[in-house]
């Protein structure tokens, strides 16, 4: 008997064949751990996270609750990412299993694991719903609910990993990365709440509350309002709706309140000063973004959200007649509620809003992809094969030119970007060889077979970006350390200060500095650079500027216009 269920999904049991769990876990592990070959702090965001954790370990309880960088409070975001990083650094120092920089990477791996787990189980809960199931065939053979829900969850996670925008952020234990985890956890809580109202609502609220501690007050309010609107509007939450709303609010308070309460209990005077600066900094986010933010969105949205945005748009279109169904309306409502987050995104990193969107966008794209006809679905296969194969070939061509100088212009371009660097034969090279070999095996498999499994395109996209990322870091980590790290220029500045007669106890000021730069000077030179002291209190000043001319006693990072000038005040 033909099914009259209204759904655009037609999926056979063969198309829903199980992706081996070991292969999925192996791919996620390689993607997460490929950043371990970085031995330096490559971004100021990375440096700030590391510096915050180090300051916590060097200080007492107040340093954990109210982090400071030299003489200024760190009020841009909450301390949760710093807590996680500090605990892992302390564990690494105690056991000797990892260095401090590796501990930062491991913290990012834990956040990535929690994000993907929450995304997988949240999508699985939605895909199990009766209205999400594929059409029943006249003579049987359609995908079972168990296999269908599993393949949709796999596709959502694979598309998330394949998104270009998270390639760098997922290797950094940052407030923004922690916000991504909280967004995924909030999504999981909402889907869990369909069957289990109390733990689901509390989890969604808890994620919103922890967003204050991990990111910003604005991000927390956005997640909380999103959860409340979803519970209020979706039919699936009609049972005990007032109770769900109250539990969600209670969860948010439980996630946020312990932090300031403990801070005021430990040191009321310092807490009054610290939170007195934190609150205005957070309220500044509640304002219209500038034109440069919208321009950045317009220029970068397509590549940042590639390759999932076409499938997300298709998913909203093809499910338009079922838009009121929970598995579509829940992620769609989140995307619509995120529009104010784009409009009111002042004083935030440009891509922070995109990061918070990604879990819901991946879910919408997954439900869209499983409805695409095979001929169109193959576009993702060939896109992945073409882009990442060419990318890997370019990486290896430049590496061989770097090693042998057989192509002088290619070798010179690398030397210009990373002066003095040279290729090394270490475990990074072994990793690059292995992942490249496996990728070309996948390429051969796809060229010689016509698989019908629904996860083949997302698998190739995720495997391709993983192979490219691991090969890039494995082959070029020494060059990246030279090009991206502040260590050489910081040590040059420190030597110049010593040559000028700096003595222990001398005060060094910094102009044009942010917390990330304060952190790199502390880490690489054990130098506390003050940004709030008066210049007449400082014997030396380190001025950071961006100019073409290099002044005396100035030191510049390779291939940038960023220079640091040492000025002796007295």
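Using the three backbone atoms N, Cα and C, a Cβ is placed for every residue, glycine included.
Automatic prediction, not curation, is the source of TrEMBL annotations.
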According to TrEMBL, which of these ranges is transmembrane segment: 179-198, 279-298?
179-198
Please indicate, using numbers and ranges, the residues of the same chain that are 6 or more beyond the transmembrane segment (148-167) and have a C-beta under 8 Å from a C-beta there.
9, 11, 15-19, 24, 27-28, 31, 115-116, 119-121, 123-124, 126-128, 132-134, 180, 303-308, 311, 351, 354-355, 358-359, 362-363, 365-367, 369-370, 384, 453-455, 458-459, 461-462, 464-466, 469
Outside the transmembrane segment (353-372), at least 6 residues beyond either end, the same-chain residues with a Cβ under 8 Å of its Cβ set are 8-11, 115, 118-119, 122-123, 126-127, 132, 134, 151-153, 155-157, 159-160, 163, 165-166, 169, 176-177, 179-180, 183-184, 187, 219, 222-223, 301, 304-305, 308-309, 311-319, 327-328, 331-332, 334-335, 338, 341-342, 345, 380, 454, 457-458
Are there three or more C-beta pairs under 8 angstroms joining the transmembrane segment (457-476) and the transmembrane segment (102-121), sequence spacing 6 or more?
no
Long-range environment of the transmembrane segment (422-445) - Cβ separation under 8 angstroms, sequence gap at least 6
30, 34, 37, 385, 388-389, 392, 395-396, 399, 402-403, 460, 463-464, 466-467, 470-471, 473-475, 477-478
One stretch in 301-319, 379-402, 457-476 has more Cβ pairs under 8 Å to the transmembrane segment (21-44) than the rest, namely 457-476
